[in-house]
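Annotation comment: Swiss-Prot describes Asp307 as active site, 4-aspartylphosphate intermediate, evidence class sequence analysis. Feature annotation from Swiss-Prot assigns ATP binding site to Asp344, Glu348, Phe377, Thr378, Ala379, Gln380, Ser381, Arg382, Met383, Ser384, Lys395; the stated evidence is sequence analysis. Sequence annotations record features per position, and here Swiss-Prot assigns Mg(2+) binding site to Asp518, Asp522 based on sequence analysis. Annotation comment: Swiss-Prot describes 34-54, 62-82, 219-239, 254-274, 588-608, 616-636, 656-676 as transmembrane segment, evidence class sequence analysis.
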Amino acid sequence: MSRKQLALFEPTLVLQALKEAVKKLNPQAQWRNPVMFIVWIGSLLTTCICIAMASGAMPGNALFSAAISGWLWVTVLFANFAEALAEGRSKAQANSLKGVKKTAFARKLREPKYGAAADKVPADQLRKGDIVLVEAGDIIPCDGEVIEGGASVDESAITGESAPVIRESGGDFASVTGGTRILSDWLVIECSVNPGETFLDRMIAMVEGAQRRKTPNEIALTILLIALTIVFLLATATLWPFSAWGGNAVSVTVLVALLVCLIPTTIGGLLSAIGVAGMSRMLGANVIATSGRAVEAAGDVDVLLLDKTGTITLGNRQASEFIPAQGVEEKTLANAAQLASLADETPEGRSIVILAKQRFNLRERDVQSLHATFVPFTAQSRMSGINIDNRMIRKGSVDAIRRHVEANGGHFPADVDQKVDQVARQGATPLVVVEGSRVLGVIALKDIVKGGIKERFAQLRKMGIKTVMITGDNRLTAAAIAAEAGVDDFLAEATPEAKLALIRQYQAEGRLVAMTGDGTNDAPALAQADVAVAMNSGTQAAKEAGNMVDLDSNPTKLIEVVHIGKQMLMTRGSLTTFSIANDVAKYFAIIPAAFAATYPQLNALNIMRLHSPDSAILSAVIFNALIIVFLIPLALKGVSYKPLTASAMLRRNLWIYGLGGLLVPFIGIKVIDLLLTVCGLV
């Protein structure tokens, strides 16, 4: 069953949910929902009264008590059904993942290189640090990092996307997930987890975990609902002596019906379903949330930290121009830049090699045959390069190269500073190339801002969310791209420490921060952020630090995550407003019916002109039960979300759900009363 094509009311899920709803009638399950526990007690009490009346042990209308008791039990069942259906949908999504887990064998290499001798071992015996070889047609047996090779991988079993992806050693696409299939070529993989700790295992365990923990907002709302329930319970309890003193005591059955109709049973019955459905909708967007708390936090986020590359821009920066320093030939710069990039497997590094080949017919050379040493890029050094024949060639950010030159006793030329500024003002990224302490020139890397991204940021700004672009570019380049994209602020020349400091700064101001990351160097910031979306293609450290994982590895998904979180909070708030507004109409139905015989003046409140006291009370109880069923689709799908300001959103929801909560019960109760009367049931 596809996670993305799961129908709202799948017949098998509905049947299973009905069974679970009956199982949840036990006191232990009901106690977890205090509002519905009161309804459960009322159902039990009215059932006992009905039996006593039917046996003649107690005076009264046994048929009326049976009808009230039956519909109270139906109310509890409907609330159980809503929760069970939401849980069933999540479990069905998890079951689709279980099919991915297969008992398979793996080729465990004795040495960490392609062509080494291999032993055939069961996949579930692989340990962290083991090296395995997978070839076309094989299922990847474990989560890990590609250390050699490149291949096309079908990840549809995990992500639901049919298009294959490229996984290769080096760069940002080295992470692989157990359960995915190799379509072509081969990979040498180092396992990064032990059995039972794979990403797939954690996904299944997370959805099928023993008991979903309530989020802080959910707990706060539950406390409010309990307080309202206690108030209405005390108010209802005081009505019996008033009616008895008036000479016409109201029956316990009527008082229980009144209590159930007054307490917020609608939101009480749907609250758990809303929380479960929020995580389910996140999974439908191919994002795995570790808890409901993470989904809820996404709805409260007011600062988004967005990586420039891949989120704001298309992410395929390409070398577009070699700009030599004064006194340096362009070919000399191109040759040095290509040498520094020969072992650089990033798209930028490869584009430099290709540009040098196109401009000056400089062919690629093998690093090993040159007896050269490649110096990889690190977040701390912010440069990479090569050591060859006593030549030390580096390429990197302006500041990093400036420090490198000065540390080696050289001087950074003023004309190169001017060229860097010129490239940056055009919105391109300048990389400076140096040999020893001599600066050779600048490489311009061009990227393109995504279409429509400026409008999306404008919508976020309207919602009160601040957008901050994170980039390793210098301030001039960052400022040019930030202005073009329409973000509110930017952090240039970003390091892991700078990102962490920025998050803490915003949190100290009372803001909630969301960010994405995929590298080990992102882990500290991901761990600090309130909403941290790790990319599935990222490192194991990033996935463990985040509280969400995006299976599509799409950094732009962060905006959708915020939308889903806000939709969950709006759904909870809207249905709470609707539930409390409901009470007003039910008050006008039951109070006159219950007490008009004692206080005839209350007949003035019977504005719906209901047929009789019994039909009025029964109609209100029936409506109270049925409204839960009618609102289940809204609880599971969420209310319609529009990017509006907080005040505009509040006004909109008050009109729709506040006014709707007042009017719908008047209409519903009147229609039910007419049907009961026409059918002669009262």
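For all residues, glycine too, the Cβ spot is worked out from N, Cα and C.
Of Asp307, Asp518, Asp522, all annotated as recorded positions, the residue with the shortest Cα distance to Ser381 (ATP binding site) is Asp522. Working note on the binding-site residues Asp518, Asp522: by count of other C-beta atoms within 10 Å of each C-beta, Asp522 ranks first. For Asp344 (ATP binding site), the spatially nearest entry among the recorded positions Asp307, Asp518, Asp522 is Asp518, judged by CA separation. Cβ contacts within 10 Å of Asp344 (ATP binding site), excluding its own Cβ and spanning all protein chains shown: 24. Ranked by number of Cβ pairs under 8 Å to the transmembrane segment (656-676), the listed stretches 34-54, 62-82, 219-239, 616-636 are led by 616-636. Separation of the C-alpha atoms of the residue listed as 'active site, 4-aspartylphosphate intermediate' and Asp518 (Mg(2+) binding site): 11 Å, rounded to the nearest whole number. Same-chain residues lying 6+ beyond the ends of the transmembrane segment (616-636) with a Cβ under 8 Å from its Cβ atoms: 8, 64, 67-68, 71-72, 74-75, 78-79, 81-82, 85-86, 89, 254, 257-258, 260-261, 265-266, 269-270, 273-274, 277, 280, 571, 575, 578, 582, 586, 589-590, 592-594, 606, 608, 610, 664-665, 668-670, 672-673, 676, 682. Counting residues 6+ beyond its ends, the transmembrane segment (219-239) has Cβ neighbours under 8 Å at 34-35, 38, 250, 255, 258-259, 262-264, 267-268, 271, 572, 576, 580, 594-595 in the same chain.
Close to Met383 (ATP binding site) in the fold, though at least 6 residues off in sequence, lie Val375, Phe377, Arg394, Lys395, Gly396, Ser397, Ala400, Ile401, His404, each with a CB less than 8 Å from its CB. Among residues of the same chain six or more beyond the transmembrane segment (34-54), those with a C-beta under 8 A of the stretch's C-beta atoms are 25, 27, 60-62, 65-66, 68-69, 72-73, 75-76, 79-80, 222, 225-226, 229, 233, 252-253, 256-257, 259-260, 263-265, 268-269. In three-state terms derived from DSSP, Lys395 (ATP binding site) belongs to an extended strand segment. Note on the transmembrane segment (62-82): residues 17-18, 20-22, 24-25, 29-30, 33, 36, 39-40, 42-43, 46-47, 49-50, 53-54, 251, 253, 256-257, 260, 265, 268-270, 272-273, 614, 617-618, 621-622, 624-626, 628-629, 632, 635, 681 of its chain, located 6 or more positions outside it, place their CB under 8 angstroms from a CB of the stretch.
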